[in-house]
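In what follows, a single structure is set out as structure tokens and then discussed.
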Amino acid sequence: PSEQGSGFSCLSPTLPAQCNELLPAGALCTGVHTKINRKEIIQAKLRKSCSCTTQRLKNTVLDFFPVLRWLPKYSYKEYIWGDIMSGLVIGIILVPQAIAYSLLAGLKPIYSLYTSFFANIIYFLMGTSRHVSVGIFSLISLMVGQVVDRELLLAGFDLNDDAPPAFSDSSPWKRNDSNITAFNLTFAGLNAECGKECYAIGIATALTFLAGVYQILMGIFRLGFVSVYLSESMLDGFATGASLTILTAQVKYLIGIKIPRSQGLGMLVMTWFNIFRNIAQANLCDVITSTICIVVLVAAKEVGDRYKHKLKFPLPTELVIIVVATLVSHYGKLNEVYGTSVSGAIPTGFIPPQVPSFNLMFRVAVDAVPLAIVSFAFTVSLSEMFAKKYAYTIRANQEMFAIAFCNIIPSFFHSFATSAALAKTLVKTSTGCETQVSSVVSAMVVLLVLLFLAPLFYSLQKCVLACIIIVSLRGALRKFKDVPQRYYLNKVDTVVWCVTMLSSALISTEVGLLVGVAVSMLSIIGRTQRPHTSLLSQIPSTVFYENDQEYENLSPVPKVKIFRFEAPLYYANKDFFVKSLYKMTGLDPTLEAARRKKQDKREKEHLQKENQATNVNGFSQADTTLHLVPKQLDFQTIIIDCSSFSFLDIPGVNTLKEILKDYGALNITILLACCTPSVIDSLKRGGYFEKDDRNMHEMLFHSIHSAVSLVCEDCLPNGGVLL
């Protein structure tokens, strides 16, 4: 309703007659743009958020622990068998993967089992997704392992995996070997003597605790939008680059050689250089075992992929391989006879909880930032993907809190960072998972191993674990085959993928993530700085207009240029906007004004010469003089399609004002069409219109056609109304 009475306003001068046919008698088409009182809205939100009632407290608890909402409504007859089956399958897969991924994290297998157990229980209580599997993830394990290796080197430890670990009275498990040396690491943040294993898990728990704290802070301050800047191409490139690093790190286990671990820039290249330099020392037993395991695993994966629609649950190939390889290694005494590297003792039970070292947190505070972002980004993206597939909703901020506590609480129990994993989630859904009850079942399987079965894996060869890790990278490494198709679909996204992949592989995962985000944002800026521009023509017998370079049989509008700029107009692209407009219309008003000024000057000089000649000779030469004729323009109006203007900043408004002034000096009218309310508000506040916005209705139009109809009534059929 307008301030004057009942009615509504139309920006287009051509629409009131049409609107009046629809309005009641006496109603006037004069609506007013109302302003929102933001102060009152903010005050109302503050009152609502600061109020404390019993119901509000109850809702807060239920929101923080979503399990309290859905578990009382759990349909046992409908869901229980699917959840049990998927939980058992995931638990069986988790055990070999947890032991294998401990190689990536640079930690003992027992810590990976702890991580899998606690993550499943906590996400069951706090997660909002019904299907994602949270636990050990290869990429997260690699990021943790890189920090652990760096800090071990700085502390003076030998990174050789077969070096005897140092234990002391403060270590989780005691050994009485006489050749074990304890290091006093009080300077590094631990207040007691601590060996390599103790120090490594201290670094990992401090890193994990900090990552969880960062995620909680991101959740409190609603910073989940940070994951929006992690584009799909960037994440794919990041995962592929990290997969190359993981593959490279496992090759030495495959062939049984001992080489120094490389760190920092060029790690991948240096590792391969050391591999080829020491390849003559390869352990034949490890090579044969690795070959057999990879062939069996790949064949089983291919069979599973081909007949997955017929299989009720995936083949537990990893578990079978581990059991068989452990038995062969134990009874064949491969470690004693052939010197093959084995997993070693995996104790049973739980270590007493311990507070992560706050002194060590200062050493890894920066490293925890990318870990927190990647962990959250993968979890939320997978949760949203499966929620959309199975028609339910998740709460991204609650997912942030859930994964945060999956890091914070387990860090007190000698665990490291976790995330949702795509491969296990796909297995979970394919085996009938309905709710997160399946996570509890998986945790029970891991608990069974922790309490009773862990020592049985003593003789398991490390090359078998490396084979499991490498075969699990198939999906990420297959992304290389998609590069040509990706390039065909979008060249910019392909560049983002390639740059992120190369920086992640050749420098480090943290730098790769930073480079990927930077390149992604630069690509967005580049697209808005130099967007697509075009001149529009009319689609015959319609009220629509399109690019005359992309479509045939369009009808140009006489004496009118319709310009489309497919991006918001702001400080970074205002110059490109002006240049494109000049180029498309074929007229630079500044140059044209200078040309006309120069022409007028020449005419005045010529007239002065004529007058002087007349005075001297006594007769006029006007009949024999050719006067300069001004250049005739083929258009009188420029219509700017503002439908792609999501916003205007101050330089953008000033650019439109300058264009209006410059073209106005040449008697060329500038009209704006398809402006959004926010753009109109920016124009009004920027002083684009006359005082009190008196001429706004003459310069703004709801559609291109309404602007064309006004300025070109004589040149359109039926008096400007197209059929």
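In case you wondered, yes, glycine gets a Cβ from its N, Cα and C as well.
What TrEMBL says about a protein is an automatic prediction, not a curated fact.
The domain 'STAS' feature in TrEMBL is assigned to 550-711.
Residues annotated as transmembrane segment in TrEMBL: 79-103 (among others). Within its own chain, the transmembrane segment (79-103) is flanked in space by residues 109, 111-113, 115-116, 133, 135-138, 141, 249-250, 253, 312-314, 316, 318-319, 321-322, 343, 346, 424, 427-429, 431-435, 437-446, 449, 457, 460, 462, 465-466, 468-469, 472, which lie at least six positions past its ends and keep a Cβ under 8 Å from the stretch.
Positions annotated as transmembrane segment by TrEMBL: 132-148 (among others). Through the fold, the transmembrane segment (132-148) approaches residues 90, 94, 97-98, 101-102, 104-107, 112, 115-116, 119-120, 123, 200, 203-204, 207-208, 238-239, 242-243, 245-246, 249, 263, 364, 367, 370-371, 374-375, 378-379, 382-383, 386, 402-403, 406, 416-421, 424-425, 427-428, 439, 442, 469, 472-473, 508-510 of its own chain, all at least 6 residues removed from its boundaries and within a Cβ separation under 8 Å.
Among the features that TrEMBL reports, transmembrane segment is placed at 199-221 (among others).
Sequence annotations record features per position, and here TrEMBL assigns transmembrane segment to 233-255 (among others). Tertiary proximity for the transmembrane segment (233-255) is limited to same-chain residues at least six positions away from its ends with a CB under 8 Å from its CB atoms, namely 103-104, 138-139, 142-143, 267-268, 271-272, 275, 279, 282-283, 286-287, 290, 341, 374, 377-378, 381, 462-463, 465-467, 469-470, 473, 476-477, 479-480, 486, 493-494, 496-505, 509, 512-513, 516-517, 519-520.
As annotated by TrEMBL, transmembrane segment applies to 275-299 (among others). Sequence-remote contacts of a segment are chain residues at least 6 beyond its ends whose Cβ falls under 8 Å from one of its Cβ atoms, and for the transmembrane segment (275-299) they are 251-259, 317-318, 321, 325, 334, 338-341, 461, 463-464, 466-468, 470-471, 474.
What TrEMBL records for 360-380 (among others) is transmembrane segment. When Cβ-Cβ distances below 8 Å are used as the criterion, the transmembrane segment (360-380) is approached by residues 132, 134, 137, 139-140, 143-144, 147, 151, 188-190, 202-203, 206-207, 209-215, 218, 224, 226-227, 230, 235, 238, 394, 396, 399-400, 402-404, 407, 417-422, 509-510, 513-514 of the same chain, each at least six residues removed from its ends.
Annotation source TrEMBL lists transmembrane segment at 401-423 (among others).
Here TrEMBL flags 443-473 (among others) as transmembrane segment. Tertiary proximity for the transmembrane segment (443-473) is limited to same-chain residues at least six positions away from its ends with a CB under 8 Å from its CB atoms, namely 87-88, 90-92, 94-104, 109-110, 113-114, 116-117, 120-121, 124, 138, 161, 243, 246-247, 250-251, 253-256, 286, 289-290, 293-294, 297-298, 301, 318, 321-322, 325-326, 329-330, 334-335, 340-350, 423.
Taken from TrEMBL, the feature transmembrane segment covers 494-525 (among others). Non-local neighbours of the transmembrane segment (494-525) in the same chain are 139, 142-143, 146, 229-231, 233-238, 240-242, 244-245, 264-269, 367, 370, 373-374, 479, 483, 486-487, 572; each lies 6+ residues outside the stretch with a CB under 8 Å from one of its CB atoms.
Within its own chain, the transmembrane segment (199-221) has Cβ neighbours under 8 Å at 105-108, 111, 144, 147-148, 151-152, 155, 157, 183, 185, 188-190, 354, 356-358, 360-361, 363-365, 367-369, 371-372, 375-376, 397, 400-401, 403-408, 410-412, 414-417, counting only residues six or more beyond its boundaries. In the predicted model, the domain 'STAS' (550-711) has a mean pLDDT of 83. Sequence-remote contacts of a segment are chain residues at least 6 beyond its ends whose Cβ falls under 8 Å from one of its Cβ atoms, and for the transmembrane segment (401-423) they are 64, 105, 107, 111-112, 114-115, 118-119, 122-123, 126-129, 132-141, 143-144, 172, 201, 204-209, 211-213, 215-216, 219, 350-351, 353-356, 371-372, 374-376, 378-379, 382-383, 472, 475.
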